[in-house]
Amino acid sequence: MRIYPMPTSCPACSSRLRVSGLVCSNPDCRTEIKGEYEANEFALLPPEPLEFLRLYIKSGGNLKKVESILGVSYPTVRARFKDMLYALGYEMPDEPEPPQPDFAKERSDILSALERGEITAEEAGARLRALKRGR
């Protein structure tokens, strides 16, 4: 007898399903238990987030390993991780944005140093080019 994955939502109205019975898998026993049981958040995961969770656990919780196994970029893995957390009903704290350098101020400082004669035009040009490349 083929065993199918447990559906998690009602096919008629899309509401979450509850487990109302369990059957022993031993063919000689087949004891049935009736009642209403709440499935945990992992049992309710859709297939894609569930597969990601399995891979994440097998990788020891290392997203870099998951990146290597899946052959996708780290930002893609990070997005899938966030999607999985969302599907579980967990929230991931927002990561602070790294501070962005103030290019306008740095450019102004270079030009001011040139104007004061502290650096040569060649040095100013080199610093401005380096600043532009660093963006």
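For all residues, glycine too, the Cβ spot is worked out from N, Cα and C.
Remember, TrEMBL labels are computer predictions, not curated facts.
Taken from TrEMBL, the feature domain 'DUF2089' covers 10-43 (among others). Within the same chain, residues 50, 53, 88-89 sit at least 6 positions outside the domain 'DUF2089' (10-43) and bring their C-beta atoms closer than 8 Å to a C-beta of that stretch.
Secondary structure of the domain 'DUF2089' (45-91) per DSSP, as helix, strand and coil residue counts: 35 helix, 0 strand, 12 coil. Feature annotation from TrEMBL assigns domain 'DUF2089' to 45-91 (among others).
Summarising the annotation, TrEMBL assigns domain 'YvlB/LiaX N-terminal' to 106-134. Over the domain 'YvlB/LiaX N-terminal' (106-134), the average per-residue pLDDT in this prediction is 88.
Using DSSP to sort the residues of the domain 'DUF2089' (10-43) gives these counts of helix, strand and coil: 0 helix, 12 strand, 22 coil.
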